[in-house]
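Chemist: Take this structure, written in C-alpha coordinates, and hold onto it; I'll ask about it next.
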Amino acid sequence: MVEAAAGRRSGANRRRPSGGGERRRQQQQHQRLVAVAVAARVVMVAPAATPAPAAGGGGGCVEDILGCLLGVLRALGVTWAAAARPQRQQPRLAAQTPRGPAPGADGRRAAAELRGIPGRIAGNGACAVASLYTLQGKKGVNQDAMIVWENFCSREDTIFCGVFDGHGPNGHLVAKRVRDLLPIKLGADLGTDEGRQTSTSSIKSNGDETGSPGNMGRDAEQNGEYPEIFTALRTSFLRAFNVMDRDLKLHKSIDCFFSGTTAVAVLKQGRNLIIGNLGDSRAILGTRDKDNQLMAVQLTVDLKPNIPSEAQRIRQRRGRIFALPEEPEVARVWLPKYNSPGLAMARAFGDFCLKDYGLISMPEVSYHRITEKDEFVVLATDGVWDVLSNTEVVSIVNRATSRASAARLLVESAHRAWRARFPTSKIDDCAVVCLFLDTDELSETSSSMARDMTNAVEVSSGQHSNTIQLSTGVSSDVVTAVLTDGDDLSAVDAVAKLVTLTDLPNNASGATQSITTK
(Lines of atoms letter the chains of each structure in order from A and count residues from 1; the text may use other names and numbers.)
(Lines give C-alpha, C1' and ligand atoms only; values in the text may rest on other atoms or scores of the structure.)
Protein backbone atom coordinates (compact mmCIF):
# COMPACT_ATOMS: atom_id res chain seq x y z
CA MET A 1 0.00 0.00 0.00
CA VAL A 2 2.70 2.47 1.01
CA GLU A 3 4.84 1.58 -2.01
CA ALA A 4 1.91 2.04 -4.37
CA ALA A 5 1.07 5.40 -2.88
CA ALA A 6 4.70 6.48 -3.05
CA GLY A 7 4.86 5.26 -6.64
CA ARG A 8 1.81 7.32 -7.61
CA ARG A 9 3.38 10.32 -5.95
CA SER A 10 6.66 9.94 -7.83
CA GLY A 11 4.79 9.43 -11.10
CA ALA A 12 2.92 12.65 -10.54
CA ASN A 13 6.22 14.37 -9.97
CA ARG A 14 7.58 13.06 -13.24
CA ARG A 15 4.83 14.83 -15.12
CA ARG A 16 5.97 18.15 -13.64
CA PRO A 17 8.89 20.01 -15.22
CA SER A 18 11.98 20.07 -13.04
CA GLY A 19 15.65 20.82 -13.58
CA GLY A 20 18.53 18.39 -13.15
CA GLY A 21 18.35 14.60 -13.18
CA GLU A 22 20.35 14.02 -10.02
CA ARG A 23 18.51 16.64 -8.04
CA ARG A 24 15.22 15.24 -9.27
CA ARG A 25 16.08 11.75 -8.08
CA GLN A 26 17.06 13.09 -4.66
CA GLN A 27 13.73 14.86 -4.34
CA GLN A 28 11.84 11.73 -5.30
CA GLN A 29 13.72 9.66 -2.75
CA HIS A 30 13.05 12.26 -0.09
CA GLN A 31 9.34 12.26 -0.96
CA ARG A 32 9.13 8.50 -0.63
CA LEU A 33 10.77 8.58 2.78
CA VAL A 34 8.39 11.25 4.05
CA ALA A 35 5.39 9.37 2.64
CA VAL A 36 6.47 6.15 4.34
CA ALA A 37 6.96 7.96 7.64
CA VAL A 38 3.54 9.59 7.46
CA ALA A 39 1.84 6.34 6.51
CA ALA A 40 3.53 4.49 9.36
CA ARG A 41 2.34 7.10 11.83
CA VAL A 42 -1.22 6.92 10.50
CA VAL A 43 -1.21 3.11 10.82
CA MET A 44 0.02 3.36 14.42
CA VAL A 45 -2.73 5.80 15.38
CA ALA A 46 -5.61 4.32 13.34
CA PRO A 47 -6.40 1.17 15.43
CA ALA A 48 -6.97 3.26 18.53
CA ALA A 49 -9.24 5.71 16.76
CA THR A 50 -11.10 3.48 14.27
CA PRO A 51 -13.29 0.42 15.12
CA ALA A 52 -12.33 -2.89 13.58
CA PRO A 53 -14.09 -3.66 10.29
CA ALA A 54 -16.84 -6.22 10.22
CA ALA A 55 -15.92 -9.72 9.15
CA GLY A 56 -15.80 -9.92 5.40
CA GLY A 57 -16.44 -6.17 5.21
CA GLY A 58 -13.22 -5.65 3.41
CA GLY A 59 -11.29 -2.83 4.94
CA GLY A 60 -13.18 0.11 6.29
CA CYS A 61 -10.09 0.95 8.34
CA VAL A 62 -7.84 0.50 5.32
CA GLU A 63 -10.00 2.86 3.29
CA ASP A 64 -9.76 5.47 6.02
CA ILE A 65 -6.00 5.04 6.16
CA LEU A 66 -5.68 5.32 2.38
CA GLY A 67 -7.89 8.39 2.28
CA CYS A 68 -5.89 10.03 5.03
CA LEU A 69 -2.61 9.09 3.37
CA LEU A 70 -3.70 10.42 -0.03
CA GLY A 71 -4.77 13.70 1.58
CA VAL A 72 -1.38 13.98 3.25
CA LEU A 73 0.40 13.23 -0.03
CA ARG A 74 -1.64 15.82 -1.89
CA ALA A 75 -0.73 18.38 0.73
CA LEU A 76 2.91 17.36 0.50
CA GLY A 77 2.78 17.68 -3.26
CA VAL A 78 1.59 21.27 -3.06
CA THR A 79 4.20 22.08 -0.46
CA TRP A 80 7.08 20.57 -2.42
CA ALA A 81 6.03 22.33 -5.60
CA ALA A 82 5.96 25.69 -3.81
CA ALA A 83 9.11 25.12 -1.82
CA ALA A 84 11.30 23.55 -4.50
CA ARG A 85 13.67 26.53 -4.44
CA PRO A 86 17.40 26.64 -3.72
CA GLN A 87 16.90 28.27 -0.30
CA ARG A 88 14.68 25.42 1.01
CA GLN A 89 16.67 23.50 3.60
CA GLN A 90 14.04 21.63 5.59
CA PRO A 91 10.60 20.02 4.99
CA ARG A 92 7.61 22.31 4.91
CA LEU A 93 6.03 20.26 7.67
CA ALA A 94 8.44 21.75 10.19
CA ALA A 95 7.48 25.31 9.20
CA GLN A 96 3.70 25.02 9.30
CA THR A 97 3.52 26.36 12.86
CA PRO A 98 4.24 30.13 13.05
CA ARG A 99 7.33 30.89 15.09
CA GLY A 100 7.47 34.70 14.92
CA PRO A 101 6.25 37.04 17.66
CA ALA A 102 2.58 37.83 17.85
CA PRO A 103 1.41 41.09 16.27
CA GLY A 104 2.31 44.02 18.55
CA ALA A 105 4.78 41.97 20.57
CA ASP A 106 7.76 43.97 19.32
CA GLY A 107 6.15 47.24 20.38
CA ARG A 108 5.29 45.89 23.82
CA ARG A 109 8.79 44.53 24.27
CA ALA A 110 10.33 47.84 23.23
CA ALA A 111 8.08 49.75 25.63
CA ALA A 112 9.01 47.38 28.45
CA GLU A 113 12.70 47.90 27.72
CA LEU A 114 12.29 51.67 27.81
CA ARG A 115 10.41 51.54 31.10
CA GLY A 116 13.20 49.46 32.57
CA ILE A 117 15.97 51.95 31.80
CA PRO A 118 17.33 53.36 35.08
CA GLY A 119 17.03 57.12 35.46
CA ARG A 120 14.27 57.46 32.85
CA ILE A 121 10.86 58.76 33.99
CA ALA A 122 8.04 59.13 31.47
CA GLY A 123 5.03 59.43 33.78
CA ASN A 124 3.96 61.34 36.85
CA GLY A 125 6.83 61.26 39.31
CA ALA A 126 9.99 62.90 40.54
CA CYS A 127 13.70 62.37 41.02
CA ALA A 128 16.44 64.23 42.87
CA VAL A 129 16.58 67.15 40.43
CA ALA A 130 13.21 67.18 38.64
CA SER A 131 9.49 66.57 38.93
CA LEU A 132 6.97 65.93 36.19
CA TYR A 133 3.20 65.71 36.10
CA THR A 134 0.40 65.57 33.55
CA LEU A 135 -3.37 65.78 33.90
CA GLN A 136 -5.99 64.98 31.30
CA GLY A 137 -8.32 67.78 30.27
CA LYS A 138 -11.91 67.60 29.06
CA LYS A 139 -11.22 67.10 25.35
CA GLY A 140 -10.82 63.33 25.37
CA VAL A 141 -7.68 61.21 25.62
CA ASN A 142 -4.64 62.92 27.13
CA GLN A 143 -2.43 63.82 24.16
CA ASP A 144 0.41 65.29 26.25
CA ALA A 145 3.61 63.39 27.02
CA MET A 146 6.76 64.19 28.98
CA ILE A 147 10.09 62.70 29.97
CA VAL A 148 13.06 63.19 32.29
CA TRP A 149 16.18 61.10 31.67
CA GLU A 150 18.99 61.40 34.21
CA ASN A 151 22.57 60.46 33.40
CA PHE A 152 21.74 60.75 29.73
CA CYS A 153 24.29 59.09 27.42
CA SER A 154 25.93 57.60 30.53
CA ARG A 155 27.15 61.04 31.65
CA GLU A 156 26.54 61.90 35.28
CA ASP A 157 26.35 65.62 34.50
CA THR A 158 23.78 65.29 31.68
CA ILE A 159 19.98 65.34 31.90
CA PHE A 160 17.46 65.24 29.06
CA CYS A 161 13.90 66.41 29.56
CA GLY A 162 11.05 67.32 27.27
CA VAL A 163 7.31 67.88 26.87
CA PHE A 164 5.22 66.97 23.82
CA ASP A 165 1.70 68.13 22.98
CA GLY A 166 -0.04 65.92 20.42
CA HIS A 167 -2.91 66.99 18.18
CA GLY A 168 -5.13 65.35 15.60
CA PRO A 169 -6.78 61.91 15.65
CA ASN A 170 -3.54 60.10 16.55
CA GLY A 171 -1.86 62.92 18.43
CA HIS A 172 -1.49 60.88 21.60
CA LEU A 173 0.35 58.14 19.70
CA VAL A 174 2.63 60.62 17.94
CA ALA A 175 3.49 62.40 21.19
CA LYS A 176 4.36 59.14 22.94
CA ARG A 177 6.49 57.90 20.05
CA VAL A 178 8.44 61.15 19.93
CA ARG A 179 8.85 61.02 23.70
CA ASP A 180 10.26 57.50 23.46
CA LEU A 181 12.49 57.83 20.39
CA LEU A 182 13.69 61.44 20.19
CA PRO A 183 16.09 61.15 23.16
CA ILE A 184 17.39 57.84 21.82
CA LYS A 185 18.08 59.34 18.41
CA LEU A 186 19.72 62.37 20.00
CA GLY A 187 21.85 60.15 22.23
CA ALA A 188 22.86 57.99 19.27
CA ASP A 189 23.99 61.07 17.37
CA LEU A 190 25.84 62.49 20.35
CA GLY A 191 27.74 59.22 20.61
CA THR A 192 29.32 59.62 17.18
CA ASP A 193 32.20 61.86 16.22
CA GLU A 194 30.21 62.84 13.15
CA GLY A 195 27.40 64.14 15.31
CA ARG A 196 29.81 66.37 17.20
CA GLN A 197 31.76 67.69 14.23
CA THR A 198 29.48 67.77 11.17
CA SER A 199 28.49 71.20 9.88
CA THR A 200 29.88 73.18 12.81
CA SER A 201 31.52 75.58 10.40
CA SER A 202 28.25 76.17 8.55
CA ILE A 203 26.46 76.69 11.86
CA LYS A 204 28.91 79.42 12.80
CA SER A 205 28.59 81.08 9.42
CA ASN A 206 24.79 80.97 9.54
CA GLY A 207 24.52 81.74 13.22
CA ASP A 208 23.21 85.26 12.73
CA GLU A 209 20.36 83.92 10.62
CA THR A 210 19.30 80.87 12.60
CA GLY A 211 20.06 81.81 16.19
CA SER A 212 17.25 82.12 18.70
CA PRO A 213 16.58 85.13 20.90
CA GLY A 214 17.41 85.37 24.55
CA ASN A 215 20.62 84.58 26.38
CA MET A 216 22.22 82.89 23.39
CA GLY A 217 22.29 86.22 21.57
CA ARG A 218 23.84 87.98 24.56
CA ASP A 219 26.49 85.29 24.93
CA ALA A 220 27.32 85.65 21.25
CA GLU A 221 27.78 89.39 21.65
CA GLN A 222 30.08 88.95 24.63
CA ASN A 223 32.22 86.15 23.19
CA GLY A 224 32.14 87.06 19.53
CA GLU A 225 30.85 83.58 18.62
CA TYR A 226 28.70 80.82 20.01
CA PRO A 227 30.27 78.42 22.54
CA GLU A 228 31.90 75.41 20.93
CA ILE A 229 29.66 72.99 22.79
CA PHE A 230 26.59 74.74 21.38
CA THR A 231 27.73 74.49 17.78
CA ALA A 232 28.29 70.75 18.19
CA LEU A 233 25.09 70.02 20.11
CA ARG A 234 22.98 72.17 17.80
CA THR A 235 23.96 69.92 14.92
CA SER A 236 22.93 66.85 16.90
CA PHE A 237 19.56 68.42 17.73
CA LEU A 238 18.90 69.24 14.07
CA ARG A 239 19.84 65.75 12.94
CA ALA A 240 17.80 64.01 15.65
CA PHE A 241 14.67 66.06 14.92
CA ASN A 242 15.06 65.42 11.20
CA VAL A 243 15.37 61.65 11.68
CA MET A 244 12.48 61.62 14.16
CA ASP A 245 10.15 63.22 11.63
CA ARG A 246 11.30 60.75 8.98
CA ASP A 247 10.55 57.87 11.35
CA LEU A 248 6.99 59.14 11.80
CA LYS A 249 6.51 59.46 8.06
CA LEU A 250 7.56 55.85 7.49
CA HIS A 251 5.69 54.38 10.46
CA LYS A 252 3.29 51.64 9.38
CA SER A 253 0.70 51.78 12.15
CA ILE A 254 0.58 55.46 13.19
CA ASP A 255 -1.12 57.67 10.62
CA CYS A 256 0.55 61.08 10.93
CA PHE A 257 -1.01 62.72 7.87
CA PHE A 258 -3.39 64.83 9.97
CA SER A 259 -1.75 64.21 13.36
CA GLY A 260 1.40 65.55 14.96
CA THR A 261 2.99 66.94 18.10
CA THR A 262 4.94 69.86 19.43
CA ALA A 263 8.24 69.35 21.23
CA VAL A 264 10.36 71.27 23.70
CA ALA A 265 13.52 69.37 24.59
CA VAL A 266 16.20 70.54 27.00
CA LEU A 267 19.63 69.00 27.37
CA LYS A 268 21.50 70.07 30.51
CA GLN A 269 25.18 69.19 30.41
CA GLY A 270 27.08 70.63 33.32
CA ARG A 271 26.40 74.37 33.25
CA ASN A 272 25.20 74.34 29.65
CA LEU A 273 21.56 74.35 28.58
CA ILE A 274 20.64 73.45 25.00
CA ILE A 275 16.98 74.00 24.12
CA GLY A 276 15.24 72.66 21.01
CA ASN A 277 11.74 73.88 20.24
CA LEU A 278 8.95 72.96 17.81
CA GLY A 279 5.49 74.47 18.04
CA ASP A 280 3.81 76.34 20.86
CA SER A 281 4.96 74.51 23.96
CA ARG A 282 7.34 76.62 26.01
CA ALA A 283 10.39 76.62 28.30
CA ILE A 284 11.11 79.36 30.84
CA LEU A 285 13.90 79.97 33.34
CA GLY A 286 13.38 80.98 36.95
CA THR A 287 16.29 83.22 37.96
CA ARG A 288 17.20 86.04 40.36
CA ASP A 289 17.65 89.64 39.27
CA LYS A 290 20.17 92.11 40.65
CA ASP A 291 17.83 92.76 43.59
CA ASN A 292 17.60 89.02 44.28
CA GLN A 293 13.96 88.96 43.20
CA LEU A 294 12.75 85.88 41.36
CA MET A 295 11.91 86.59 37.71
CA ALA A 296 10.98 84.64 34.59
CA VAL A 297 13.08 84.51 31.44
CA GLN A 298 11.49 82.88 28.40
CA LEU A 299 13.92 80.46 26.71
CA THR A 300 11.78 79.63 23.66
CA VAL A 301 9.49 81.43 21.24
CA ASP A 302 5.99 80.13 20.55
CA LEU A 303 6.36 79.24 16.87
CA LYS A 304 2.92 80.18 15.61
CA PRO A 305 1.72 81.23 12.15
CA ASN A 306 1.30 84.88 13.20
CA ILE A 307 5.08 85.35 13.45
CA PRO A 308 6.12 87.29 10.32
CA SER A 309 9.02 85.05 9.29
CA GLU A 310 6.96 81.89 9.82
CA ALA A 311 4.03 83.33 7.88
CA GLN A 312 6.34 84.35 5.03
CA ARG A 313 7.70 80.81 4.68
CA ILE A 314 4.24 79.25 4.76
CA ARG A 315 2.81 81.62 2.16
CA GLN A 316 5.83 81.18 -0.11
CA ARG A 317 4.93 77.49 -0.23
CA ARG A 318 1.26 78.15 -0.98
CA GLY A 319 -0.04 77.48 2.50
CA ARG A 320 -2.83 79.72 3.75
CA ILE A 321 -3.06 81.49 7.12
CA PHE A 322 -6.24 82.87 8.61
CA ALA A 323 -8.21 82.76 11.85
CA LEU A 324 -11.70 81.44 12.36
CA PRO A 325 -14.44 83.98 13.12
CA GLU A 326 -15.04 82.50 16.56
CA GLU A 327 -11.29 82.63 17.35
CA PRO A 328 -10.01 85.82 15.71
CA GLU A 329 -6.83 85.84 17.81
CA VAL A 330 -5.68 82.35 16.74
CA ALA A 331 -3.93 82.22 13.36
CA ARG A 332 -4.09 78.80 11.72
CA VAL A 333 -2.41 77.05 8.78
CA TRP A 334 -4.62 75.65 6.01
CA LEU A 335 -4.13 73.70 2.81
CA PRO A 336 -4.12 75.74 -0.43
CA LYS A 337 -7.54 74.57 -1.67
CA TYR A 338 -9.23 73.12 1.40
CA ASN A 339 -10.22 74.57 4.75
CA SER A 340 -8.27 71.89 6.56
CA PRO A 341 -6.57 71.12 8.92
CA GLY A 342 -6.34 74.55 10.61
CA LEU A 343 -3.11 73.96 12.55
CA ALA A 344 -2.36 76.58 15.21
CA MET A 345 1.43 76.27 14.94
CA ALA A 346 4.06 76.81 12.27
CA ARG A 347 6.37 73.90 13.12
CA ALA A 348 5.58 70.39 14.32
CA PHE A 349 6.43 66.72 14.06
CA GLY A 350 4.06 64.87 11.75
CA ASP A 351 1.17 66.72 10.04
CA PHE A 352 2.49 65.57 6.67
CA CYS A 353 -0.53 67.03 4.89
CA LEU A 354 1.13 70.44 5.42
CA LYS A 355 4.81 69.56 5.02
CA ASP A 356 4.73 70.65 1.35
CA TYR A 357 3.05 73.93 2.25
CA GLY A 358 5.38 75.56 4.76
CA LEU A 359 5.13 73.45 7.92
CA ILE A 360 8.59 72.24 8.96
CA SER A 361 10.04 70.03 11.69
CA MET A 362 13.35 71.89 12.03
CA PRO A 363 13.63 73.10 15.64
CA GLU A 364 14.81 76.44 16.90
CA VAL A 365 17.87 75.57 18.99
CA SER A 366 19.08 78.02 21.62
CA TYR A 367 21.73 78.10 24.33
CA HIS A 368 21.94 79.35 27.90
CA ARG A 369 24.89 79.29 30.29
CA ILE A 370 23.69 78.49 33.80
CA THR A 371 24.76 80.97 36.47
CA GLU A 372 24.55 80.90 40.24
CA LYS A 373 21.37 83.01 40.07
CA ASP A 374 19.47 80.47 37.96
CA GLU A 375 17.22 78.19 40.00
CA PHE A 376 14.98 76.09 37.75
CA VAL A 377 13.62 75.52 34.25
CA VAL A 378 9.94 74.86 33.56
CA LEU A 379 8.78 73.05 30.43
CA ALA A 380 5.04 72.97 29.82
CA THR A 381 2.46 72.45 27.09
CA ASP A 382 0.11 75.23 26.05
CA GLY A 383 -2.58 74.02 28.42
CA VAL A 384 -0.55 75.80 31.10
CA TRP A 385 0.53 78.88 29.12
CA ASP A 386 -3.00 79.58 27.88
CA VAL A 387 -4.11 80.50 31.41
CA LEU A 388 -0.92 81.34 33.34
CA SER A 389 1.76 83.92 32.60
CA ASN A 390 5.48 83.25 32.86
CA THR A 391 5.66 85.24 36.09
CA GLU A 392 2.75 83.32 37.61
CA VAL A 393 4.35 79.99 36.70
CA VAL A 394 7.66 80.95 38.32
CA SER A 395 5.86 82.11 41.44
CA ILE A 396 3.85 78.88 41.74
CA VAL A 397 6.92 76.67 41.36
CA ASN A 398 8.85 78.77 43.87
CA ARG A 399 6.22 78.35 46.58
CA ALA A 400 5.98 74.57 46.23
CA THR A 401 6.71 72.83 49.51
CA SER A 402 9.09 70.38 47.83
CA ARG A 403 10.70 69.74 44.48
CA ALA A 404 8.72 66.55 44.06
CA SER A 405 5.41 68.42 44.31
CA ALA A 406 6.29 71.44 42.13
CA ALA A 407 5.05 70.06 38.80
CA ARG A 408 1.80 68.77 40.28
CA LEU A 409 1.13 72.07 42.02
CA LEU A 410 1.60 73.93 38.74
CA VAL A 411 -0.72 71.63 36.77
CA GLU A 412 -3.44 71.81 39.41
CA SER A 413 -3.11 75.60 39.48
CA ALA A 414 -3.54 75.69 35.70
CA HIS A 415 -6.71 73.59 35.93
CA ARG A 416 -8.15 75.95 38.54
CA ALA A 417 -7.30 78.91 36.30
CA TRP A 418 -9.09 77.23 33.37
CA ARG A 419 -12.26 76.81 35.41
CA ALA A 420 -12.09 80.40 36.67
CA ARG A 421 -11.23 82.18 33.39
CA PHE A 422 -13.00 79.96 30.86
CA PRO A 423 -15.89 78.30 32.71
CA THR A 424 -17.67 77.36 29.47
CA SER A 425 -14.56 76.02 27.67
CA LYS A 426 -13.13 72.55 27.77
CA ILE A 427 -9.96 72.36 29.84
CA ASP A 428 -6.91 71.47 27.79
CA ASP A 429 -4.44 68.73 28.70
CA CYS A 430 -1.51 69.94 30.79
CA ALA A 431 1.99 68.50 31.14
CA VAL A 432 4.84 70.04 33.14
CA VAL A 433 8.50 69.25 33.79
CA CYS A 434 10.33 71.22 36.48
CA LEU A 435 14.11 70.86 36.22
CA PHE A 436 16.00 72.27 39.20
CA LEU A 437 19.46 73.69 38.54
CA ASP A 438 21.53 72.53 41.48
CA THR A 439 24.29 74.51 43.12
CA ASP A 440 27.69 72.84 43.50
CA GLU A 441 26.67 71.52 46.91
CA LEU A 442 23.44 70.04 45.59
CA SER A 443 25.25 68.59 42.61
CA GLU A 444 27.63 66.79 44.93
CA THR A 445 24.69 65.45 46.91
CA SER A 446 23.01 64.28 43.73
CA SER A 447 26.18 62.50 42.61
CA SER A 448 26.34 60.77 45.98
CA MET A 449 22.71 59.67 45.59
CA ALA A 450 23.49 58.38 42.13
CA ARG A 451 26.36 56.27 43.46
CA ASP A 452 24.15 54.88 46.23
CA MET A 453 21.36 54.03 43.81
CA THR A 454 23.80 52.46 41.39
CA ASN A 455 25.04 50.18 44.15
CA ALA A 456 21.45 49.34 45.03
CA VAL A 457 20.56 48.35 41.50
CA GLU A 458 23.43 45.87 41.46
CA VAL A 459 21.72 44.11 44.35
CA SER A 460 18.18 44.33 42.99
CA SER A 461 17.47 44.84 39.30
CA GLY A 462 13.95 45.97 40.13
CA GLN A 463 15.16 49.28 41.62
CA HIS A 464 15.99 52.41 39.65
CA SER A 465 19.43 53.96 39.49
CA ASN A 466 20.74 57.18 37.97
CA THR A 467 23.21 55.46 35.65
CA ILE A 468 22.42 54.15 32.17
CA GLN A 469 24.32 52.77 29.25
CA LEU A 470 22.59 53.99 26.13
CA SER A 471 24.49 51.56 23.95
CA THR A 472 23.32 48.57 25.96
CA GLY A 473 20.24 49.83 27.80
CA VAL A 474 18.07 49.81 24.68
CA SER A 475 17.99 47.06 22.09
CA SER A 476 18.72 47.72 18.45
CA ASP A 477 15.04 47.09 17.65
CA VAL A 478 14.08 50.26 19.50
CA VAL A 479 16.65 52.50 17.83
CA THR A 480 15.28 52.87 14.31
CA ALA A 481 16.31 55.07 11.42
CA VAL A 482 19.49 56.37 13.09
CA LEU A 483 21.47 58.62 10.82
CA THR A 484 24.08 56.99 8.63
CA ASP A 485 27.33 58.35 7.29
CA GLY A 486 25.60 59.40 4.10
CA ASP A 487 23.10 61.70 5.83
CA ASP A 488 23.74 65.40 5.89
CA LEU A 489 22.05 68.65 6.81
CA SER A 490 22.04 70.24 3.38
CA ALA A 491 18.27 70.26 3.16
CA VAL A 492 17.90 71.47 6.73
CA ASP A 493 20.47 74.23 6.25
CA ALA A 494 18.76 75.29 3.04
CA VAL A 495 15.53 75.78 4.97
CA ALA A 496 17.41 77.53 7.76
CA LYS A 497 18.58 80.23 5.37
CA LEU A 498 14.94 81.06 4.64
CA VAL A 499 13.93 81.18 8.29
CA THR A 500 15.23 84.13 10.28
CA LEU A 501 14.38 85.23 13.77
CA THR A 502 15.09 88.93 13.30
CA ASP A 503 11.33 89.52 13.20
CA LEU A 504 10.51 87.36 16.21
CA PRO A 505 9.32 89.09 19.37
CA ASN A 506 11.79 88.79 22.22
CA ASN A 507 9.59 87.51 25.04
CA ALA A 508 12.43 87.06 27.49
CA SER A 509 11.13 89.61 29.95
CA GLY A 510 8.63 87.26 31.56
CA ALA A 511 5.64 89.43 30.73
CA THR A 512 2.16 88.00 30.60
CA GLN A 513 1.40 86.40 27.25
CA SER A 514 -1.86 86.75 25.33
CA ILE A 515 -4.23 83.88 25.97
CA THR A 516 -4.87 81.68 22.95
CA THR A 517 -6.18 78.20 22.44
CA LYS A 518 -5.53 75.57 19.82
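Yeah, the Cβs are placed from backbone N, Cα and C, and that goes for glycine too.
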Chemist: Quick one: which of ASP351, ASP428, ASP438 does Swiss-Prot put in the Mn(2+) 2 site with ASP165, ASP382?
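Modeler: Between ASP351, ASP428, ASP438, Swiss-Prot records just one in the Mn(2+) 2 site with ASP165, ASP382, namely ASP428.
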Chemist: Using CB atoms and a 10 A radius, I'd like the single residue among the binding-site residues ASP165, ASP382, ASP428 with the highest neighbour count.
Modeler: ASP165
Chemist: At a 10 Å cut-off from the C-beta of GLY166 (Mn(2+) 1 binding site), count the other C-beta atoms across all protein chains.
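Modeler: Cβ-Cβ neighbours of GLY166 (Mn(2+) 1 binding site) within 10 Å number 29.
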Chemist: Sorry to bug you, but what's the C-alpha spacing from ASP428 (Mn(2+) 2 binding site) to GLY166 (Mn(2+) 1 binding site), rounded to the closest Å?
Modeler: 11
Chemist: Look up ASP382 (Mn(2+) 2 binding site) in the DSSP assignment and report helix, strand or coil.
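Modeler: DSSP call for ASP382 (Mn(2+) 2 binding site): helix.
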Chemist: Could you find out if DSSP has GLY166 (Mn(2+) 1 binding site) as helix, strand or coil?
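Modeler: Going by the DSSP assignment, GLY166 (Mn(2+) 1 binding site) falls within a strand, counted as strand.
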